[in-house]
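Notes follow once the structure below has been shown.
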């Protein structure tokens, strides 16, 4: 064992020698000679049987975020959170895992994507799949009947990730929900308004919000002759129409799910229609659909919804689309999904197929599934697909080669001469105590040029320079990094001057 340890030391030393020669740009013959010695030593060492091979990587469907990526991500979150707060929402949080039975039977065919945790001899647990079911559990557990809340947190899905399109196994959801008994369609209209406000503020391109109603879908299936037992499974087929052709969807319905071809054709006549309030009025006159109570209720509510959307000034962004199905089992009324109309087309950008960027709907029965007495709390909400939005913003910044600040430092405390570390420490402490975001270099006697270069690299806008003459005069030299202009500022006025100069927020997306 001792011999092996000695050999490992020799390999390490020889490896450092090879690296050193490469850095010094030594001759190829010399490097080759030393590499040969290294390989000979490694051959003597033999296979590393004692240690298992370990690959340093993140798990499939996950990723790390660099400071630059996190700076952009925080900006996106700020836009979303400020909108949620503008509409009067409170914030809550729930555990990252729930009892398995809490999540079971809530997601239809997507239930297979839930991560179950290994039984540790206690409760059977699963990682949360979304934030809606935990919210419904929270309402029932706390006997709440009225709340407007937002929740931003990570969720987990055992999906096949497509990370270039913003699809992951671990990802953030940004949810806004209104729970309570209110007059029809007022909260629903506000949710759509919020969705439009956020997508417009993020400037990710033109978008369209597709709207439908689960009651219209169920009524449509009934009048077309779909058996009750096949409603949900046919619904999940219809939901694929934004990705594949009607012929493929029909083949799935008939071939895989056993639906009669003539029933599928009748569904096809409906689900390929889309439009605005005129389509709602047309379907209200439809001889078959108008005879179905559920469909009639849904169409009546959609007509009212379009009135409110017109008042909110967003009706032009909304399309009534009969193919929108939203596969989740818990939706009971209005459903909606925002899609980008076309990929961003700024110079140098590649087309980006990111699909849906926000979605939501009404789920009036979910809380009742958790309440011991089955008491229902009507709810409507939306979820912003922040990972997909982040992919778009990130690619745009790379294409434009825009510099992104990863810190918020307002000023660097610098010195022009040696032996001024104590003065720098005193000044930076004064600035921190006054709420100024300040830094200094961790060297006793840094060169002024290095300090200014650090500001250029990190985007720090100001430098507070201390020199012997400034100390005698009771002033600090304040330098603008961008313009290189310098002014003497009295020490007692420095905080106000820094605040005045850095009061404009910096945009990074």
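Cβ atoms here come from the backbone N, Cα and C positions, even for glycine.
Record note: among 334-361, 362-389, 390-417, 418-445, 390-417 is the stretch given as coiled coil by TrEMBL. In the shown protein chains, 22 other C-beta atoms lie within 10 A of the C-beta of residue 326 (L-histidine binding site). With all protein chains in the displayed structure included, the most crowded Cβ environment within 10 Å among the binding-site residues 132, 173 is that of 132. Looking at the residues that bind L-histidine per the record, 130, 131, 132, 157, 173, 177, 326, 330, 331, the two CA atoms farthest apart are separated by 21 Å.
Around residue 331 (L-histidine binding site), the C-beta neighbours below 8 angstroms that are at least 6 residues distant in the chain are 214, 361, 362, 363.
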